[in-house]
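Visitor: I have a structure I would like to understand better, so I am pasting it below and will then ask my questions one at a time.
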Amino acid sequence: MEQFEGLTPTETLQRVSASLGCSVTSAEVAAFLDKHDDLRHLRERFHVPKIADLPPSAADVKQVHGAEECMYLVGNSLGLQPKRARTYLEEELDMWAKAGVHGHTVGSRPWAWAENKIEDMMAEVVGAEPEEVALMNGLTVNLHLLLLSFYKPTAARHKILLEDKAFPSDHYAVESQIRLRGFDPQESMLLLSARPGEETLRTQDILDVIEKEGDSIAVVMFSGVQYYTGQLFNMAAITEAGHKKGCYVGFDCAHAAGNVELKLHAWGVDFACWCSYKYINSGAGGIAGAFIHKKHKDTIKPALTGWWGHDLNTRFQMNNVMDLQPGISGFRLSNQPILLVCPLQASLEVFKMTSMQALRKKSLLLTGYLEFLIRHYYTKDPGRPQKPHVRIITPSDPEQRGCQLSLSFSVPIREVFDELERRGVACDMREPSVLRIAPVPMYNSFTDVHRFVETLGAALTATSQK
Ligand SMILES: *Cc1c(COP(=O)(O)O)cnc(C)c1O
């Protein structure tokens, strides 16, 4: 969409509607943007569920709209299935059936090093060098393995700084690591909250607390994108501030990887972990990623070791003398499930057809479009206080968010959510009043966003009439 280079999303929408001679809220605008979307072909690489197949959709809706694709706006929770996933899985099921144990070393995807073959694609997505990334385990397991090596508390420097509303698993992982080292989470877990009346953290407040408390902080551990608010943290600035005070700085990139441009290597981040089933579409429980910057490759060692951390060339000599791989590779413990490598490979190959830069460019407009429509229809109207309105929790600055918008409604959300589901919307709800809507640039269209906002209108009308 070169003709819109340099314009804000609102300017782009106004220009498109003017050229089409229609209202900026018209479905024609969405259709036009889809037609000129350079990445529209990527959607065809995924299975988009049909409305008829979604368990909560209603019989009357199924009858009329069942064959249509649903409005899938929940890729922040579980990404769609890449079509190639099944092909690759079938290849390995066949291999297992026909060759048994030989599958470890033969074929196009020898199981014994299958994950190593796709790590360069993963590294590209998170802005790392291939040797800095390992695909292994689940996210929380990797977070623990990394903290075991990076969190070495002393009497003077024993704190871990994190958000007070971190994802529960991260909170528990940090809490238990502190206990494991014989410290007290009450004293060593430094939880940073938003200012009263605010929902997202100010970058300056994060940097200030690092500056003020840094001497007692061992590890600064933030998310890249906050799962609830959708806030994208300034990872470069946080890393720099942490390093200035002698802290290690790590990020949980579960909601950032595949969503926003990451430069883990260039920013000098010490360690990171992420799951692959959200924006990276590897399927529920898919293999997670872990990163250690290569500046640490000879100094940071794994606390726990297994045979998969042994140099591959001599791993199978089984002489029980560890030849540990440098960096993150030495943290590998077990052989990886080939049946999970398959869908992840399928997804990473789609990422390879584009770039995070191109995805992000589309994402800014796609999410800007959602924001525009929500503001247009649901800004609080003082003249009509009864009319439901929406406050967008996610920062309005595009540099401080990924694709997700968290919408806080003036009415209880449960019934609205049910009405959305019966009409073919898949999204995430957090009671009492929040919907998290993630238009994913990889496969969502502008029409998806437009249909969603129309459907939201119908859902709100239906609930108000009950
Ligand atoms: C999704 C998510 C998790 C999930 O952890 P698993 O170990 O993959 O079950 C953890 N932390 C964050 C921040 C997440 O977004």
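Residue numbering: from 1, along the chain as shown.
Cβ from N, Cα, C; glycine included.
TrEMBL lists Leu139, Thr140, Phe167, Pro168, Ser169, Asp170, Ser223, Asp252, His255, Tyr277, Trp307, Asn335 with the feature pyridoxal 5'-phosphate binding site. Summarising the annotation, TrEMBL assigns N6-(pyridoxal phosphate)lysine to Lys278.
Help me picture where these features are in the structure shown.
Guide: For His255 (pyridoxal 5'-phosphate binding site), the same-chain residues 6+ apart in sequence whose C-beta sits under 8 angstroms from its C-beta are Asn76, Ser223, Gly224, Val225, Gln226, Tyr227, Gly230, Lys278, Tyr279, Gly402, Gln404.
Taken residue by residue with DSSP, Lys278 (N6-(pyridoxal phosphate)lysine) is part of neither helix nor strand, so it is coil. For Lys278 (N6-(pyridoxal phosphate)lysine), the count of additional Cβ atoms within 10 Å of its Cβ stands at 27 [all protein chains shown].
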Visitor: Give the residue from the binding-site residues Ser169, Ser223 that has the most other Cβ atoms within 10 Å of its Cβ, counting over every protein chain displayed.
Guide: Ser223
Visitor: So what sits near Phe167 (pyridoxal 5'-phosphate binding site) in its own chain, CB-to-CB under 8 Å and at least six residues off in sequence?
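Guide: Listed in sequence order, they are Ser223, Tyr227, Asp252, Ala254.
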